[in-house]
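Asks: For reference, Swiss-Prot lists these features for the protein:
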BINDING   170, 171, 174, 186  Zn(2+) binding site
TRANSIT   1-26  transit peptide
């Protein structure tokens, strides 16, 4: 049974779900007239995979088990986030709509990838700028903004964009927190995200990721990293409404102070 779960393939799972629904659901559609949808929403509605409540529960359970067995299965983690995060995404939507910056993001729906961001220009910014810090983070950790999986299982395209935005901003959060991508820091960043945005998958990754830490890492985690994440969460502003792309030239320490982020010591 465990070996079978380890071999779960998300593309194969997606095909199974799609084929089982074609006879009952037909092609994907929406009650909103196409002319009232923006480009992201139209594209998403053409590519999403519609699933029933039962299939959502099944996918959530299967992806959670597969994620626990193999934390490197990013496809399963992504699936888990989509099948369990709707209520949290609705709360994030409310938070974003409550701020001018957040509303602008929801209207413009910016994307973060190498087609939309000139990393060379960020590297040319002053060394104390947020844009430079982000470009340096990508280079130092051998990370690309093109690695995020597309959202597929959410019904509402507005929530699909918020989940997309969350995924594409993950490395920006690493950069502003000054946290590399090793396991200890990944768990810490997940705690910060979980306490900040409430997504169940973030809590799951934080809790079960910590279980996989080595003894020495776990001691450091309990003594320094986890208390730092919790303390920051008490004073940190919501991160999802931040239009990071408009902050490239801002001094990174000023941005941290604005957001209520206390540097890790």
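Glycine too: its Cβ is placed from the backbone N, Cα and C atoms.
Distances, neighbours, how buried they are, the whole picture for these features please.
Replies: In sequence order, 134, 137, 138, 143, 145 are the residues near residue 171 (Zn(2+) binding site), counting only same-chain partners six or more apart with C-beta under 8 A.
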Asks: 170, 174: which of these binding-site residues has the sparsest Cβ neighbourhood within 10 Å?
Replies: 170
Asks: Name, in the order they occur in the sequence, the residues of the same chain whose CB lies under 8 A from the CB of residue 186 (Zn(2+) binding site) and which sit 6 or more residues away.
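Replies: Same-chain residues close to residue 186 (Zn(2+) binding site) (Cβ under 8 Å, separated by 6 or more) are 179, 205, 209.
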